[in-house]
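These notes are about the structure you will find just below.
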Amino acid sequence: MKKILLTNDDGYHAKGIKALEQALENMAEIYVVAPKHEKSACSQCITITAPLRAEKIKGKEGRHYRIDDGTPSDCVYLAINELFKHVCFDLVISGINLGSNMGEDTIYSGTVAGAIEGTIQGVPSIAISQILSNKNKNTPLSFDLAQKIIQDLVQNVFTKGYPLKGRKLLNVNVPNCSLQEYKGERITPKGYRLYKKEVHKRTDPKNESYFWLGLHPLKWQKRENEDRLSDFDAIASNHASITPLNLDLTSYDDLKSLESWHEGMLK
């Protein structure tokens, strides 16, 4: 039977990872290793300055752990190299995240980082995120569409094989719409996210300042010379976006021009 490792950045008790497990439990043997607490926007952080403690969850056949103060990358690394080191995983899936992970947000994302860690460890990996109608994660939300999309995608992987070679992963974003309103999937590049220099300053009861970051609305623009719809465009039209991501961040187009710019300094 196929074996899938699940993680997330919203925490072990989050609704999204429970919905993900429910969607896949009849398709494969499911293992879950997730942070004990929310670790959103922690990116590829791994813990090397403090010990990690893994708590085995009772009643889950020894296949569920939550990691005290662990990040998604910690969880995947620990699962593959120690907790389940004798298990050969067919897939690592990170999600279902509460909120989008599109454009440059993928650099910040703990959800995407979980899938990146799976890729680094040599396991085909997928990150999946559910768009929210607002910033309130307690807003009632159906995962029916996200569950259907991940079921279809996993079945395709099991039938045809993983579609990417090398250190690459799939990043999936699901629109906030009903099954009836859904328009299908689109293969997309990352869009160009627009960020505002926005910091929310507050004062606590002791008259000390504190700050909230990252509360600006989702805005984007088209990349130059890009004919394809981006992940943002797909979501805006009630399509799911499926974006291949590459771990190689080298800007190959700039190597020769950089050599010319640096000419005379190279020894």
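The backbone N, Cα and C atoms fix where each Cβ goes, and this holds for glycine too.
Swiss-Prot lists D9, D10, S40, N97 with the feature divalent metal cation binding site, giving sequence analysis as the kind of evidence. Close to D9 (divalent metal cation binding site) in the fold, though at least 6 residues off in sequence, lie P35, E38, K39, S40, A41, C42, T71, P72, S94, N97, S109, G110, T111, A113, G114, each with a CB less than 8 Å from its CB.
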Protein Cβ atoms within 10 Å of D10 (divalent metal cation binding site), excluding its own: 24
Per DSSP, three-state class assigned to N97 (divalent metal cation binding site): strand
Three-class DSSP secondary structure - D10 (divalent metal cation binding site): coil
Which of S40, N97, all binding-site residues, has a Cβ with the fewest other Cβ atoms inside 10 Å: S40
